[in-house]
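Chemist: There's a structure below that I have some questions on.
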Amino acid sequence: MWQLLPPAALLLLVSADTQTADPSKAVVLLDPQWNHVLTNDRVTLKCQGDYPVEDNSTKWWHNGTLISSQTPSYFIADVKVQDSGEYKCQTGLSAPSDPVKLEVHVGWLLLQVAQRVVNVGKPIRLKCHSWKKTPVAKVQYFRNGRGKKYSHGNSDFHIPEAKLEHSGSYFCRGIIGSKNESSESVQITVQAPETLQTVSSFFLPWHQITFCLVMGVLFAVDTGLYFSVRRHLQSSEEWRDGKVTWSKGP
C-alpha cells in the first residue's frame with residue numbers, strides 16, 4: 001500500500017531538483033580590463049567555464065548573433081565602432097554567461113575607468129588613454145571641472161580609498177603634438193556605506209520569496225495529508241484487529 005512521503009523528504013526532493021536545473025554560468029572577462037576603448041585598440045574576450053574532457057569549443061554571441069569563433073578567447077586585433085555591443089559566451093558544461101558590454105569610441109583621448117560605480121573605501125583608477133598609444137604630454141585629470149592631478153607625461157590617476165565626495169564628472173586633457181586634446185566626461189558614483197547594502201540584501205529576491213511561499217504551502221498540505229492518512233490507517237487496523245462478541249438475548 002502506498003505511503004505518503006514525509007514533508008521533509010518532499011522539500012529535499014524539490015530543492016535538489018531546483019539546484020540541478022540551474023548549471024553554473026560562464027563568465028566573460030576583458031583583457032585589458034577596460035570596456036571602453038578607442039578604435040584600433042586590441043581587445044581580447046576570455047570565456048571562463050567548465051568544459052568536457054578534450055573539448056574546449058566555445059560559443060560566442062555579439063548582440064545576440066552567434067559568432068563563428070569557437071575558441072575560449074575571442075581576439076579583436078583592430079577594434080572598430082561596429083564591434084561595440086554585448087558579448088556572451090557558453091562552454092560545453094556551462095549555461096550562457098551574462099552579457100558584457102563593450103563600447104568603442106572615436107577620438108584622440110579616452111578616460112578609462114575600471115568601475116563607474118564604486119563602494120566607499122574601494123580604490124578608483126583612471127587612465128587617460130590615447131589613440132594608438134600616441135605620446136601625450138602635460139596630462140591633467142579633472143573632477144567637476146576642477147583639476148585634480150597634473151603630470152608632464154601620461155600617468156594614471158589613482159584614488160586609494162573612495163569617499164562620497166569623490167563622486168562626480170571626470171575627464172582628462174593633454175597635449176598631442178601641438179594640439180590640446182580632451183576626453184569625453186565620465187560619471188563616477190561612489191556608493192553609500194556597506195550597511196545600507198546589508199539592509200537591502202536582507203530581503204530576498206522575488207523568485208526566492210515565491211519559492212519559499214510555495215514550499216510553505218506544500219509543507220502545510222503534505223503535513224495535513226500525512227497525519228490524516230496515518231490516522232485513517234490506524235483506525236482501519238484497529239477495526240480489523242478488534243474482536244466482536246455476540247450474546248444471546250433473553
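Note that Cβ sites are derived from N, Cα and C of the backbone, with glycine treated the same way.
The model shown is predicted, which means the values in this text are computed figures rather than measured ones.
Dumping what Swiss-Prot says about this protein:
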- Cys47-Cys89: disulfide bond (DISULFID)
- Cys128-Cys172: disulfide bond (DISULFID)
- 23-105: domain 'Ig-like C2-type 1' (DOMAIN)
- Asn56: N-linked glycosylation site (CARBOHYD)
- Asn63: N-linked glycosylation site (CARBOHYD)
- Asn180: N-linked glycosylation site (CARBOHYD)
- Asp222: site 'Important for receptor turnover' (SITE)
- 17-208: topological domain 'Extracellular' (TOPO_DOM)
- 226-250: topological domain 'Cytoplasmic' (TOPO_DOM)
- 209-225: transmembrane segment (TRANSMEM)
Chemist: Kindly report the helix/strand/coil residue split of the domain 'Ig-like C2-type 1' (23-105) according to DSSP, in that order.
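Modeler: Counts, helix then strand then coil: 3 helix, 39 strand, 41 coil.
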Chemist: Check the Cα-Cα distances from Asn63 (N-linked glycosylation site) to the recorded positions Asn56, Cys89, Cys172, Asn180 and tell me which is shortest.
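Modeler: Checking each of Asn56, Cys89, Cys172, Asn180 against Asn63 (N-linked glycosylation site), the shortest Cα distance is to Cys89.
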Chemist: Quick one: Cα separation, Asn180 (N-linked glycosylation site) versus Cys47 (disulfide bond), in Å?
Modeler: 39
Chemist: Does DSSP give Cys172 (disulfide bond) helix, strand or coil?
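Modeler: Strand, per DSSP.
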Chemist: Considering Cα atoms only, can you say which of Asn56, Cys128, Cys172 is the nearest neighbour of Cys47 (disulfide bond) among these recorded positions?
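Modeler: Its closest listed neighbour, by Cα, is Asn56.
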Chemist: With the cut-off set at 10 Å between Cβ atoms, which of these disulfide-bonded residues ends up with the most neighbours? Options: Cys47, Cys172.
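Modeler: That would be Cys172, with the most Cβ atoms nearby.
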Chemist: If you measure Cys128 (disulfide bond) to Cys89 (disulfide bond) at Cα, how many Å is it?
Modeler: 30
Chemist: Sorry to bug you, but what's the C-alpha spacing from Cys89 (disulfide bond) to Asn56 (N-linked glycosylation site), rounded to the closest Å?
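Modeler: Checking the Cα atoms of Asn56 (N-linked glycosylation site) and Cys89 (disulfide bond) gives a distance of 12 Å.
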Chemist: Please report how many Å separate the Cα atom of Cys89 (disulfide bond) from that of Cys172 (disulfide bond), as a whole number.
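Modeler: About 34 Å separates the two Cα atoms.
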Chemist: Can you tell me how many other Cβ atoms are located within 10 Å of the Cβ belonging to Cys89 (disulfide bond)?
Modeler: 28
